[in-house]
Amino acid sequence: MPHILILNGPNLNRLGKREPDVYGTDTLTDLEQRLFQFAEGIQTELTFFQSNHEGDLIDALHEAEEQYDGIVLNPGAFSHYSYALRDAVAAISIPVIEVHLSNPHAREEFRHRSVIAPVARGQITGLGFEGYKLAISYFMNTNNK
């Protein structure tokens, strides 16, 4: 059974409270429950991890290489400036899909650039929780690591 890591970065623990006009009122727990149900239906195992700390996310990426078939990464604001996180994604051999709940290109100018995207397998933005499902589906529909 494929095993996917769902890695959420800073402020995603505040889903449901932070900017509900942008991110909605559903919580991180709601997201995890929906993804867990989705994964059961397609026989995929998911592991969830969230941190507001760059080093914790980097450690999780390094450790993931031996444990997972793919990573769905929502780096939050780190996507715009964390070269350390970018280098961690580039340094591992398993594919990473960058996901954002909102569309950063439709928001403030500083959000328009991702330093992660050039080293990720792909990027899905602006589709809310559905973006995570699409990323998981990608891993299920491809055999390449």
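A Cβ is built for glycine as well, from the same backbone N, Cα and C atoms used for every other residue.
DSSP assigns Arg18 (site 'Transition state stabilizer') to coil in the three-state reduction, outside any helix or strand. All protein chains considered, the CB of Arg18 (site 'Transition state stabilizer') has 11 other CB atoms within 10 Å. Taken from Swiss-Prot, the feature site 'Transition state stabilizer' applies to Arg18.
The active site, proton acceptor annotation in Swiss-Prot covers Tyr23 and rests on sequence analysis.
Marked as substrate binding site by Swiss-Prot on the basis of sequence analysis: Asn74, His80, Asp87, Leu101, Ser102, Arg111. Under the three-state DSSP scheme, Asn74 (substrate binding site) falls in the strand class.
Taken from Swiss-Prot, the feature active site, proton donor applies to His100, supported by sequence analysis. The secondary structure of His100 (active site, proton donor), as reduced to three states from DSSP, is extended strand. Less than 8 angstroms from the CB of His100 (active site, proton donor) sit Asn74, Ser79, Gln123, Ile124, Thr125, Gly126, Gly131, each of them six or more residues away in the same chain.
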